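Here Swiss-Prot flags 183, 190, 202, 206 as Zn(2+) 1 binding site, drawing on similarity to another entry. Positions annotated as Zn(2+) 2 binding site by Swiss-Prot, on the basis of similarity to another entry: 213, 220, 232, 237. Residues annotated as region 'SBD' in Swiss-Prot: 175-366. Residues or ranges marked as zinc finger in Swiss-Prot: 126-161, 178-238.
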């Protein structure tokens with residue numbers, strides 16, 4: 001088979017006929033805290049630090065190519081896990097295409113109204129996954145196209161069973177530059193459309209994309225809608241503690257544990273749930289701690305709040321204040337740019353009492369919450 005790229009100008013095809021060391025799985029790294037609320041003043045709850053390896057249908061129109069106050073205390077209890085071992089804790093807690101001319105034809109809508117515009121994007125639908133085949137667009141000898149992702153897994157054309165040669169469909173590539181494609185999450189509510197060159201960038205940060213399990217370092221591969229995040233945590237990560245109120249104490253125990261460790265707690269206030277994370281990483285020549293707050297919500301909702309972390313004791317005070325991050329962004333994105341409270345092990349021990357580190361957490365609402 002000749003592997004060289006053959007450039008073939010194809011006429012615009014007819015419309016296609018085809019239109020989810022540590023505790024593994026869910027119990028793994030989220031044995032860090034208990035998903036139970038506590039209203040008792042001064043009540044102590046156990047949180048578990050975890051050792052780990054550290055982890056359309058959419059109408060499309062042709063573009064200009066055409067001629068047209070009280071602190072509740074939550075205490076953490078470490079779960080020591082060696083690499084490779086699992087430990088537990090007694091916590092209750094497109095159809096056929098013609099191969100004709102070298103010219104891309106202008107496709108005109110039947111009329112100028114939006115409702116009657118031609119769904120050009122559907123011409124690019126992959127017959128396998130129904131996503132869009134975007135430039136460079138490859139075709140079989142009969143002119144059928146398939147997206148790059150599916151093509152790498154196929155040995156023959158899914159439409160005609162012919163050979164999948166390295167033939168580019170230049171006509172479709174030219175047409176693609178004149179089409180606005182809907183976001184892949186349009187069925188989830190995203191109304192945006194994009195030129196194919198900016199489609200992937202948007203989708204990587206789209207507010208309508210599925211949410212990952214927010215537990216840091218967890219092996220949990222769960223994906224779901226925002227409304228399903230808290231039920232998922234309640235039923236599958238039952239060891240995460242939830243404290244009520246806008247002003248609490250997050251107590252991390254045994255901060256001297258070796259290796260990478262996470263402490264996690266939930267805080268409920270203002271009708272929202274926030275995830276408090278303290279992560280320790282092994283970095284030469286010292287251990288580094290990262291503390292931050294995430295909102296179980298969208299980025300727009302997160303902008304309505306400010307959180308304050310404070311280490312206080314031994315005539316010292318260390319404070320960090322910022323807007324919480326949405327769980328869509330994740331813990332690691334904040335750590336990567338140090339958008340969190342960062343301190344070394346010497347600082348941690350200077351504020352610790354008997355190996356336990358208390359962090360005062362205050363959440364404030366800066367403007368009315370957006371649902």
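Using N, Cα and C of the backbone, Cβ positions are placed for all residues, glycine too.
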Sequence-distant neighbours of residue 183 (Zn(2+) 1 binding site) in its chain (C-beta under 8 A, six or more apart)
190, 192, 193, 194, 199, 202, 203, 206, 208
The number of other Cβ atoms within 10 Å of the Cβ of residue 206 (Zn(2+) 1 binding site), counted over all protein chains shown, is 18
Taking DSSP helix as H, G and I and strand as E and B, the zinc finger (126-161) has 4 helix, 4 strand, 28 coil
Check the zinc finger (126-161) for me and report the mean pLDDT.
89
Count up the helix, strand and coil residues in the zinc finger (178-238) according to DSSP, in that order.
24 helix, 8 strand, 29 coil
A 10 Å Cβ contact count, applied to the binding-site residues 190, 213, 220: which residue has the minimum?
190
Just how many other Cβ atoms lie inside 10 Å of the Cβ on residue 232 (Zn(2+) 2 binding site)?
18
The number of other Cβ atoms within 10 Å of the Cβ of residue 237 (Zn(2+) 2 binding site), counted over all protein chains shown, is 26
Determine, for the Zn(2+) 1 site, the additional residues of the same chain whose CB lies within 8 Å of the mean position of the CB atoms of 183, 190, 202, 206; present them in sequence order.
184, 185, 186, 192, 194, 203, 207, 208, 209
Residue 202 (Zn(2+) 1 binding site) CB neighbourhood, other CB atoms within 10 A:
16
